[in-house]
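Q: Copying in the features that TrEMBL gives for the protein in this structure:
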DOMAIN    A:124-499  domain 'Myotubularin phosphatase'
BINDING   A:Asn273, A:Ile274, A:Cys336, A:Ser337, A:Asp338, A:Gly339, A:Trp340, A:Asp341, A:Arg342  substrate binding site
ACT_SITE  A:Cys336  active site, phosphocysteine intermediate
COILED    A:516-543  coiled coil
Amino acid sequence: MEHIRTTKVEQVKVLDRFSTGNKSLTGTLYLTATHLLFIDAHQKETWILHHHIASVEKLALTTTGCPLVIQCKNFRIVHFIVPRERDCHDIYNSLLQLSKQAKYEDLYAFSYNPKQNDSEQLQGWQLIDLAEEYERMGLPNTHWQLSDANREYKICETYPRELYVPRIASKPIIVGSSKFRSKGRFPVLSYYHQDKEAAICRCSQPLSGFSARCLEDEHLLQAISKANPVNRYMYVMDTRPKLNAMANRAAGKGYENEDNYSNIRFQFVGIENIHVMRSSLQKLLEVSGTKGLTVNDFYSGLESSGWLRHIKAVMDAAIFLAKAIMVENASVLVHCSDGWDRTSQVCSLGSLLLDSYYRTIKGFMVLIEKDWISFGHKFSERCGHLDGDPKEVSPVFAQFLECVWHLTEQFPQAFEFNEAFLLQIHEHIHSCQFGNFIGNCQKEREELKLKEKTYSLWPFLLEDQKKYLNPLYSSKSQKFTVLEPNTISFNFKFWRNMYHQFDRTLHPRQSIFNIIMNMNEQNQQLQKDIQDLESKIKQRKNKQTDGVLTKELLNSVHPESPTLKTSLCFKEQTLLPVNDTLRTIEGSSPADNRYSEYAEEFSKSEPAVVSLEYGVARMTC
Amino acid sequence: MEFAELIKTPRVDNVVLHRPFYPAVEGTLCLTGHHLILSSRQDNTEELWLLHSNIDAIDKRFVGSLGTIIIKCKDFRIIQLDIPGMEECLNIASSIEALSTLDSITLMYPFFYRPMFEVIEDGWHSFLPEQEFELYSAATSEWRLSYVNKEFAVCPSYPPIVIVPKSIDDEALRKVATFRHGGRFPVLSYYHKKNGMVIMRSGQPLTGTNGRRCKEDEKLINATLRAGKRGYVIDTRPLNVAQQARAKGGGFEQEAHYPQWRRIHKSIERYHILQESLIKLVEACNEQTHNMDRWLSKLEASNWLTHIKEILTAACLAAQCIDREGASILIHGTEGIDSTLQVTSLAQIILEPRSRTIRGFEALIEREWLQAGHPFQQRCAQSAYCASKQKWEAPVFLLFLDCVWQILRQFPCSFEFNERFLIVLFEHAYASQFGTFLGNNESERCKLKLQQKTMSLWSWVNRPSELSKFTNPLFETNNLVIWPSVAPQSLQLWEGVFLRWNRTSKYLDEAYEEMVNIIEYNKELQAKVNILRRQLAELETEDGTPDSP
């Protein structure tokens, strides 16, 4: 709390992000230890978690006050006008401090308390069990076994303790190979395709320089291809552009020389590095945040940002991987430089194409735990959880989510979860509200004692499952129903609901999705009602047959009374559980839509209707 | 003329048809006066049944004696026919070329088409101006029907019956007609019942360089204003274009002569610029090998979505004047038959719930496009593939449909019709067995005796079996004004039209089916619950003892 000097400022204005006029909402701004809260005149609350703040900017003083622009990692942008400069300055300074913590222990997760007891907390962490997942894949088996080589993180600090390797790969071979790989990240199994008996393996780049070789590494790769009884050759996918990989040779790193490895087919797939991705997103946000954006500027900006090109590259790589397994029955080894960014993208997306389990809610959690969290994707650095090197920040995981979103668009029935699920996960990789994404590898997480001190996100998402279900999901598909997405450029679209999640005026005013989702729920309720009614009717009838003689007599004499009829009609109307909220029409104000600069034509000012949504914390606070 | 003269080879065997996403089929190709038919010999099923008038362009090439004809259709589909024998191929190609570009309208298929269905309702009489006017006359007595154009003498592109202010007599209308481009004097397009404000449309005023004025014109449009109220003139040209128009005798309403009116210029493109935009867009969509950058830059360069945004913005502005400012408006561009109609019709989609129903939308097209004199014959003569670009060709109507689709996407429950309906209208505007979209205005349609000689599209569409295909299962009456977002992030490429032949929509179609199933199931369950409740209630009263929970 030492950073907070002003906890409450009144008469603060929020400007509409896209309005060219000065449309605004007035309300009160509160600063708490964890959130910035704005309550407008209609008592609508906007919560902004400090950890979500990507940047705070104080603009030049205007006649109405001091502007404060806050950009969030979930792409919310809020433009406050604080009447007094001193207040603005205080808040600005506080937010600078609060949004960038120096120590893990100061992150929200360490103070967040959802009122669970210790055993609930532990159970939550045990919900996703990777040992179970490898078992599901059919491991261990005759070709693959669990290796204890990294049990104490001795060989590779950024790998998990438990790793699957070919049975014929001995410990010396593993140790030897790890010394020949960047950061000791030697080839291990990421996914095993039971049907094809082929594996997806992952590692980092070899330290080959211009000519170095390592027999153990060559042996390990050979062991991987031998572990596939069907196909003797394996693919080695270097997910980097060839030029980058070649440049790495000068630093004693590089890529596999096909001459030194028997039975490998080497392939570059050309996904750009974290720095390119970071600036690409930066450009995309600049474009989409422009006021009075024209269609042409939007598309030329979209093009020059390169963002969709990068998304397509990741998708194409995953498709290449899935095809190698499905069509050629070949095992694939994937790496990039360190094997924790592009490699995670390609391995996880490839598995998701191959195995329908990963398209379920639980399966998707498992996939993230396995290929991202356990294999050491550096969430804390990539998401900038702590005040660190801004050059380490990159939207690598967000790109993975975006690829999945594109798949849900092409295959609307293949996923158990919906877009909201992806958005929620994206929200929480930055929120630091749960322990899952804190830290950069398993070893670090253990040292932080996250399982004792923080809570796991997954049980909370599962509890709220209803919100994340895809109403059109068809679960009939077989486990190995493979998705074959079409990556023609026109299939890639700007993900409006991600980058403009909080700019409600840009969204469709009626959501088919919500309606169908609610209808599905309603159908379940109706089915129950029918059962109830049927059993009640049965009871009645049974009762009646007891006294059937007298009743029948009465019935024939007395036809239905008119009063009864009307009451029935009345009943019917009120009992119908038609949910009005389903069909609420929004957007009944033209002022929401920036049709253009004709505002001066009209004298009347529109009531402001900026809708600011609740912040992330609301779900569990 | 006999069609037989044009058909040198009526039939060729062993022709192979290639279509994207379908396996190639071998069969017999037949040419008739209006169709190109390919039937596979196995079970004599027709694989292809294509109207010649749907053909926009053809390419032919030869490899040895095997000829290939590539047919590019007005609905953007591209198919390929491999025809053995050079002579046969050349004959077929020249026949198709001749048959798809017939000069005379009366040779077109609608004049030969005999419906195979029972006509329940004659579409030619479905939307009579008198009936449409009745909808207004209940709410207002300030307007009247005028028959001044009965013989099409006052304005050749207007229908015989128009709605004008009651206080203006036919004599004045004749005078105003001489002051407006094409004789298109201001007429009522829409009456907003909520506040009595109106949309009128016309051609540009013929002020010329010396600022000619016409008292009757001023009186006519002022007659629509309430005391002390101001109106807006929305000119769909940029100011400089409107100013230049004066040199050619055209012009715009001068403030001095129309002090009660504010003029707003909202530029909307016309003519060849739109046609080129369409050509570029379709070309971009057809290229399967584009990398991402090239696709995005081609999409941008087509400017199609820019035009969509322009048109929607102008329509929203018009709707805003009416509903929010409580002001009447007059809309025109130069002739008042293209962008003017886009704006007046879209404004009604936004303002008027009825125009979002199937019949209401049909009535809107009848009123604001057909009767209002949009020259369909000229504008839709060719589509995106034709090399001979004529300046009167332009996808004005397709842009309108695309705009409706954009609004439909943003308000998916507020329309009684679905995307399929819009696509069908697009198809029939360019090539059809029905007479509805033939001719350029009512006068021409009258001379062609379309009502007697051809079938109306509405006669077919409004049959229950067809209607069910076009009905939006999510529809629920929404009596509000609907304001779409026109931000670039909210506008999308109309995939159902532009990518229709370039990708499979299997998964999307299946998902749509599933959605329909859920909705149907919901209705069933609700009905069942109601029946059971009634049963139970009956049993309870028979018992005389309500079930105590």
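Yeah, the Cβs are placed from backbone N, Cα and C, and that goes for glycine too.
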Q: Is it possible to get the count of other C-beta atoms within 10 angstroms of the C-beta of A:Asp338 (substrate binding site)?
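A: A:Asp338 (substrate binding site) is surrounded by 20 other Cβ atoms within 10 Å.
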Q: Starting from the substrate site formed by A:Asn273, A:Ile274, A:Cys336, A:Ser337, A:Asp338, A:Gly339, A:Trp340, A:Asp341, A:Arg342, give every other residue of that chain whose CB sits within 8 Å of the mean position of their CB atoms, in sequence order.
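A: Apart from the listed residues, the neighbours are A:Ser204, A:Thr239, A:Arg240, A:Thr343, A:Val396.
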Q: Give, as a single whole number between 0 and 100, the mean pLDDT over the coiled coil (A:516-543).
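A: Within the coiled coil (A:516-543), the model's average pLDDT equals 90.
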Q: What's the number of neighbouring CB atoms sitting within 10 A of the CB on A:Cys336 (substrate binding site)?
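A: Summing over all protein chains shown, A:Cys336 (substrate binding site) has 27 other Cβ atoms within 10 Å.
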Q: Please report the number of other Cβ atoms within 10 Å of the Cβ of A:Trp340 (substrate binding site).
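A: Summing over all protein chains shown, A:Trp340 (substrate binding site) has 25 other Cβ atoms within 10 Å.
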Q: Would you mind pulling the longest C-alpha to C-alpha span across A:Asn273, A:Ile274, A:Cys336, A:Ser337, A:Asp338, A:Gly339, A:Trp340, A:Asp341, A:Arg342, which the record has binding substrate, in angstrom?
A: 12
